[in-house]
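Asks: Quick one: the structure is below, questions incoming.
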Amino acid sequence: MSVPIYKPVSQKLLPLDNRPLPPSLKVQKEVDTQCGLCTCQPACMQPLATIGIFTGFYSFANMLAQTLNYYVNSQITTLERQFGFSSYYTGIIMAANDIGFLVCVLFAAHLATKVHVARSLGVTMILFGISGISCSLPHFLFGASVNKDPTTDNSNSTESNFSKQPFVGSFCDMFNISGDPCGIDAALNTAEQKAGTASEKVSQISFLIIVLGMCLQGFGKAPNTSYALVYVDDNTKKVNTGFYIGIIAATSVLGPVSAFLLGGVFSRIYVTLEVTQLTPRHPRWIGAWWLGFVVFGLLAVIAAIPLFCFPRKLPRSKVKDARGNDTTSAGNVDLSKPVLSHDSLKQRHGDKIANCHTAPSSKRLGFRSLIKHYREFIASLCRLLVNPIYVCWVVSSCFYIFMIAGSTAFYPKYLERVFDLEVHTANYITAATFMSASFGGVFVGGFLSRRYKMTAMRCLQFSCLMTALSVMISTHDPHLSENSCNRGCNCRDNSYFPICGDDGKTYYSPCHAGCLLAEHGIYQNCSCVLSGQAVTGVCEFGCSHLYGYVISGCLRLLSMALNFVPKTIVFMRCVPEQDRSMSLSVMPFVNSLF
């Protein structure tokens, strides 16, 4: 049966969306542009179906999607104390997010033009919320038995408890690998071995749970950026795309800020939420690390609900012609377009016409459909790989990530160690740095792209300038040499018990200081200390250049943040429109590999 060609009502050419559609297609179009949840689409919700409202709701959701990875960064020291993780294991935890991201980001990007974007974003936020809550499970599974107030410990305790370790620390075992040279620490070493066996199982299970939760977070984050930016670009003028991207990117910076702020607050609360005699500066203090995962997880689930209510296409979006210009009236019609015919109607509403006149074959929706998607995916990927501008831009982004990834991940811990700051103080400084530099830089970058109507070439030039500026802002790191005085002491890196030597230096443990014995709380015969004596605790010291370091970090982040929106616009404009989503996903995919 042939499909009748709909003829225009007048001789004057009208834009396609201004032409009245057949009743069957008109009903379908109204459904696709109605704001609501499933069949519940009240009239009071329809004014909310605008790009501004969507940007607001998605910006809040996207802000939450940036929290967990940075919250883990703020809790590195706490997790190491809680479960005995080394920096190697905490590095794996932070990389697990990239593992989940890499698995599905490219395929999810390929489906951006074939799925309901707003609802897909809602599903990803629910996955993100579940991942956050799952990361807190180790506390609820092992919390009370693992984290006991260490103020009850004493040197004669032989209980096998993960957090109950002797306050005298472990000594240098240079002369007898199997035991303490004087025999006074043999009972304590036996207790440590028993406690270590039990704690190792707890650490392994907790490590696995947190890694799986972070992988699930990567699954949830994979489609976010490409889906949202394509949705915005399809529902607004091209000159306004940079402005809305700037809003989304600027509010996403608040995610790390809130993560570090709450990380600082929760670091001052004891892990069991009980009142304790310990202070946050005590080496056995463990903050309530699990609270952040629960809070951000629940907020993510709540933020997903409004996204389900947005339609596939916003009703007030402009119709874009083949040249990328926006047309809102008949006077702006591109006359090079053919008169409305069956082919043009089928191209615009092909899926709807098929539903009206033919029944889809199960075979088409089966293996053939899968093969078609696979071929389209490979073709899109190949088009990107042979695009010289895009490839060069991706390579430059990789080097950009090399420059900032490590310093960003361990920034709070670096402040703690170098400037002798408490965990919560380091998190507050990190939050202030991100808020002042990244938020302002991203928002200003989006505003400039709209104010001066930057073309792709201008965005490219501006981005190169900001990249060069950020490279020139750096700090000098002095060479740190390892001590040779404790090489024969057989020290364990997971036995963190800092002591302060008379030389004003803090040592990881009595063993790392080369101490052989202790009397009345004073460690003696310490080979790494000139006077041979040390006391329990961290030395009171601090680098005098904290403010200069923070200011230089702010300037560096500002130059990087100004670069974000122009760089994103280049990624979207140097490729065909059907490859925009893929282009925005290949770049983070390659960056995550490195």
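Cβ coordinates are placed from backbone N, Cα and C, and glycine is handled just like the others.
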Asks: Pick from 121-142, 451-472, 539-560: which range has transmembrane segment per TrEMBL?
Replies: 121-142
Asks: Which numbers of helix, strand and coil residues does DSSP report for the domain 'Kazal-like' (479-530)?
Replies: 0 helix, 11 strand, 41 coil
Asks: Give the nonlocal contacts of the transmembrane segment (121-142) in its own chain as ranges (CB under 8 Å, at least six residues past its ends).
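Replies: Here the qualifying positions are 58, 61, 64-65, 68, 83, 202, 205-206, 209-210, 212-217, 219-224, 227-228, 271, 289-291, 293-294, 296-301, 303-305, 307-308.
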Asks: Name the range, of those listed as 202-220, 241-266, 286-310, 425-448, that has the largest tally of Cβ pairs under 8 Å with the transmembrane segment (88-109).
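Replies: Stretch with maximum Cβ contacts: 202-220.
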